[in-house]
Amino acid sequence: MTDRSLPASPNWYCSRCSDVSSSGVLGVGARNVVYLIDVSASACRVTGQLVGHANLVSGFSFCQHAGQNHVCVSSSTDGSVRFWDSNSRTLIREQLAHQNPVSALHWSPVDKDLVVSGDEKGVVVCHWFHTGDAASFFPEPRTIVCLTCSPHTWSCVAVGYKDGMIVLVDVSKKGEVTHRLRGHDNEIHSLAWSPVTGEPALYSRAEDDPADGASAGERGCYLASGSKDHTVRIWSTAKGKGVMTLKLPFLKRRSSAVDPGVKERLWLSVHWPPGRPTELVSSCFSGELLLWDLTRGGKQRWTLFGSSAEGQNHNRIVFNTSSLRLQDGGELLLSTSMDREIKCWDLKTLSCCWTLFSLGGAVNSLTFSPVGAGCLALGVGDNMIRVWNTLSCQNQYDIRTFWQGVKSKVTALAWHPHKEGSLSFGTEDGKVGIYDVFSSKPPQISSSYHRKTVYTLAWGPAVPPLSFGSGGKQSFSLYSCAGEGVILQHDAARLSGEASDIDQLIKDTNSIKHKLSPHTDLSWKPDGTVVAIGNEDGSIDVFRAPDLKLLCSVQQHHKIINSLRWHHQHGSAPQLHALLASGSSNAIVYVHDLRSVIDDPPETPVVLTEPFRRLCGHTAKITGMAWSPHHSARLVTASYDGTAQVWDVLEEAAVSNYRGHVGYLLCVDWSPVDPDVVWTGGKDFTVQEWKVSQQEFTNPPKGKKMSMLQDKKKSGSKQKKKNRSAAGPGGDGVPKMNGDGEKRSAEQSEEEEEEARSTSSTDPPGASLEIQKKSSSAIKSKEKPPDPGLLKKKKPRSMLPVSTAMDHRPREELLQDCIALAAVQHSAPPAGCSPGQGDHVHLGLFADRRALHRMLQAEEEGHVEAGHFDSVVYLRLWSGDLQGALQLATERGELNDHLLSVAPMAGFAAWSGAVEAYVRQLVLQEQYLKAASHLLSVHRVHEAVDLLRTHRLFREAVALAKARLAPDEPVLKELYASWAAVLEKDGHLSAAAKCHLAAGSGFDAAKVIAKKNDVASLRTAAGVARISGEGALAQTLALRCAKDLAAAHDWLAAQEVLRGQDNLLVHRLHLCTAELLTAALLDAGVIPAASCSSTHQWAEPEKHPSTIQDRVRDVWEEEFGLSAAEDGSVEALLQELRSVESPAPSASAPLKQVLLQAALHLSRGVLGWILDDDALLLTELWWAAAWIRDAGLFCASAEICRRMFPEGDVTLFSRKRPKTLKASDGEAPDGEASAALRSLQAFVCYHRLYERWWRCAAEPAPPEGEEDFGVLLSEPHAACQSVQRAVQEVQERLAAMVLQHSRAQDSDGGGLHQNPAENSSEDPETLLSLSSSMSKHQQQLLDLPDSLKAFPHPDVLECCLVLLHLSRCSGAVSASLRQKAEDLLQKDGKSPAVLKASRRFVT
């Protein structure tokens, strides 16, 4: 699978979730995957995984029979049992005999075809491997926790239940119960058979049953059981009763004894090693492993594993143990624990051989230390940080764990760039802290918390206010970016101080008044000069330190920025140091070259809309990226499509694709020591190390893997309801993922809260829809509607039940009540008669008011005792105790509209308090609208609005606020802003824009609309920004829209968009030139036509075509009214056009960019022509031709040269407006304008030369008139090109020599120690000679004039060869020109290709 990896943690609370084969392969069930690990006495290695279960793996077992030990079986809580081939890691068969979660599984050690499984409801199923048959039994209606097949009799199976019962079942007799073993008083965790038959005598104490062995006539075998009641029992299967009880000892731990009175959390695993009939392995309270000697007497009958060294034992409870016998006779024991460690033990020495760490959460971040080589930090979702020394020679899994002070998922990590061991971390709950990994001290925690998850941490130079008073010393601050879109600067030396928000500095420095877009990522350039900040709207802003002056804004992405990375500053060409890679949720990686912006900062921020390179291939959002520190411009990216991709950035080519993870990838980093190794972490809870050169695939998958993951995710939500409904009396038997949030019992819940490292994992995926349908249909069949005729009208409960009951006494007593009442009314009451209390409580209804109140008090006491508090409220209301009635209803949460309607009778204070209490009650009942309405009744409008906003009822909150509050209330703007944020997050961009407009923020409205990045959205956004007075933003959006329309050749719409904005005349002129240029090339048929294009009438081909420059100027004057006015407008247009981004020509640039850039330079040249600036005109004409030429468009370049200079003479620029081109009088011959003129003339002649040669070769014609091609045979340019070719040849030889040396070193380890003298005798060229030759040629290049290199000519030797060919078929080449061509070939044509081609002409 990979070189090294950390798997997901084994599942908890499973009786057999791991097993080892006889060939040394350990299988471990973790989440819904089984990991395969090669184990030996010295090392381990994760080799693969078995993927296919839809829910948690609850059991796993290998077939231990020869020839079939590669076959294994696993069970899941989705009810499935799957058979696997561990060699090919493929599924053999799946059986769905269970209808409930499977809780136990075992492959029979006797019968190689038999697998037995049990589920939560007590059903036992026998699976036959070769035939695929299955048989079900129901021995006991109890919850099965564990089971094990006898190693001596194929039909005997021991089953352990949750209530402490152990049952021996004979599967050959349809599941007949042969013995019921009673003795444990709590659930059975594990069962283990003795490895030998018979029942030899064991040592027994007086309180144990006699263990003198079975009689000769009885055949049996001992069975060991481990229970939650803290005991291990040995059972005689021949007698059917227990023969020995072992009580777990309370071992000292963490320098303090465990209190026996405290109920410990425990999972008691037992294992009987093969070949050791008198020794038994069991787990203990806190993760210790014990080896019991069953023949030893005394108090201590056990030996502790790992007692030879400190820290060898597990520190949490152990769930599974299994053993392996090695070929050299040694025995290994393998254990899995809640501490997320897999340990290997030597059963002879009882010492730990090795430890494999596992992960209990998604790997959210991984990063290598820039100071400590090979020190890898992992931020994991199990609330822990792991630091791995990947270069350790003694232990390949040298890992330390840090958990103190974390208490939440670790989502971001960053090493200090210079201070070794200083590691900063961010968590899901917004915490930021710094660990010293070489110290045992707890971390320093910043006093400033984020409101949401911290996604990015970065160390960078301090900016104000922390940079004030630094005294010139370089100080580093810690920057954190979180989900609320805020970047905080923390003082690493004083984390207790207040962190500063850098947004205020950005606004102050750049005079920004509007609200900044929420930030999502940041990255400091390694030299600390600039910082790039990614935003939620897809833009990237680059700021100069330390005042955070905005240099440029990259507007390429249109979705949230997830990752930014600067190219490293070492071992690469300087021109690559300013490369910035960015990844967002739109699956495309863009690389921008910001060297020109950083080296020569502009006065006003520049907007970049074209990338340097575009890397396409991923099918889901980008989550992480890293530049290779060993290569130039090599990048690795991680994506939600489940793969990691290595790119050659300069070539825009995919190099390698890694697909070893199951699920989303979250982070990636390049090994700092091995250029071929990359580390990745993902949502599958694993970290994997892999080699770039060993991958099978080059490109990411085409979306198939992503769709499978999404289907799996959807099925998971359906299963959650079933899992919840399945929780019942037997629900605790379901295994839990490591760190699962569900609790198995009350004491486990309390222990989980006390343990700082416990964590909540993702919800498990779902089971099949078919099972759900069956279960739902079964429920429906049981429910029958009641017969309406049998229903009786329910009699209402009496408000005075005590007095009513007194009226149902015997007739004599009722008559006596009349006499007593008459005496009360007319004379003294009888002795002991007090109406309203005691035996005469019912007479209070007929006596005076005091008696009535006493009766009502007695009735209240009766209602309270019966729990009828609503009746108590009404009685108090009737008696006039309105305050008491409201108080009782408030305490019970039983206020209602009726009570609230009479509450004003108790006064305003009581009424107001009742309203507040009723509002709280309604909120708990999720009746938010009703609660807000009641707040209005007491004139609390602000509280009502805030209540609606808090519960995301924004529409109702806005309506209420506008209806009841003043128009200038600040809460209204805040309400619109909150609603807009929610709408924007949900994708309702138009509605969000309306909210921003209502809040008076036209800028934010335009930004939101433009997020769609399509033509309609950009046009609308530009109009909104223009109307709102945001002129700069409106122009930027209009330009983006116009460029998209121009790329589609929709010229009419592009001009219409720009016409609606002010001060965009120069860009309209630019698009006009681009349209004329495109129309000319389309007319010539040298470029393809767009599918849906529209052109202006003035761009249609003319009957008598003029030069392209005359055509441009004619249209400018006629359509745009531009003339050679002297009011300075042309100079302003030229100055504005010069500020437009103009990168260097590139062979990989798309056609639309080539045409726009060529039109840009041509427009500048025409403006220079209007201003009579020949130097500018020449230079820009040269650049216009160079863009098309360098893009490899030979025919288009020839057509442009022909359209600009139809007569082949560059100096004759225009006949319509007489204009000749020449360099300035005072300029030197090697000046820029002169060089551009000569170069332009050379390329025009070059195309005319080829045109004549092709015409001559196609149809030999009579000699044409001579044409001056002498400009092509420039000796200085020939010399310059010769030196450049020599430099290229030396570079190729050096590369070949380095490659040969590396191959020799790989094939022969001692190649480095060869004698240098022998090397030099075999190879005449040495590194020293080639280096000196390179230096010589480079010096020659430096000595040449800059104009030769800046304005090159066509290949002189190529032109010489074409001229000599042309001279043979045409007489257009003079003898002197032929002689000059031959002389140049003899002088500079030293390469083999040129010598071969010139052999026909030069002797």
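Placed from the backbone N, Cα and C atoms, the Cβ positions cover glycine too.
Note: TrEMBL annotation is automatic and uncurated.
Small disclaimer: the values here were computed from a predicted structure and weren't measured.
The repeat 'WD' annotation in TrEMBL covers 50-94 (among others).
The domain 'Gem-associated protein 5 first beta-propeller' annotation in TrEMBL covers 75-201.
Annotation source TrEMBL lists repeat 'WD' at 222-245 (among others).
Across the domain 'Gem-associated protein 5 second beta-propeller' (374-683), the prediction's mean pLDDT works out to 93. Residues or ranges marked as domain 'Gem-associated protein 5 second beta-propeller' by TrEMBL: 374-683.
According to TrEMBL, the repeat 'WD' annotation covers 615-657 (among others). In terms of DSSP secondary structure, the repeat 'WD' (615-657) contains 0 helix, 23 strand, 20 coil.
Under the heading repeat 'WD', TrEMBL lists 658-700 (among others).
TrEMBL lists 694-803 (among others) with the feature region 'Disordered'.
Under the heading compositional bias 'Basic residues', TrEMBL lists 715-724.
Residues annotated as domain 'Gem-associated protein 5 TPR' in TrEMBL: 843-1051.
Annotation comment: TrEMBL describes 1110-1258 (among others) as domain 'Gem-associated protein 5 RBS'.
Taken from TrEMBL, the feature domain 'Gem-associated protein 5 RBS' covers 1268-1388 (among others). Secondary structure of the domain 'Gem-associated protein 5 RBS' (1268-1388) per DSSP, as helix, strand and coil residue counts: 98 helix, 0 strand, 23 coil.
What TrEMBL lists as region 'Disordered' is 1302-1332 (among others).
Most Cβ pairs within less than 8 Å of the domain 'Gem-associated protein 5 RBS' (1110-1258), among stretches 374-683, 843-1051, 1268-1388, belong to 1268-1388.
Taking H, G and I as helix, E and B as strand and the rest as coil, DSSP gives the domain 'Gem-associated protein 5 RBS' (1110-1258) the counts 96 helix, 5 strand, 48 coil. In terms of DSSP secondary structure, the domain 'Gem-associated protein 5 first beta-propeller' (75-201) contains 3 helix, 64 strand, 60 coil. Note: the repeat 'WD' (222-245) comprises 0 helix, 17 strand, 7 coil (DSSP; helix = H, G, I, strand = E, B).
As a summary of secondary structure, the repeat 'WD' (658-700) carries 3 helix, 19 strand, 21 coil according to DSSP.
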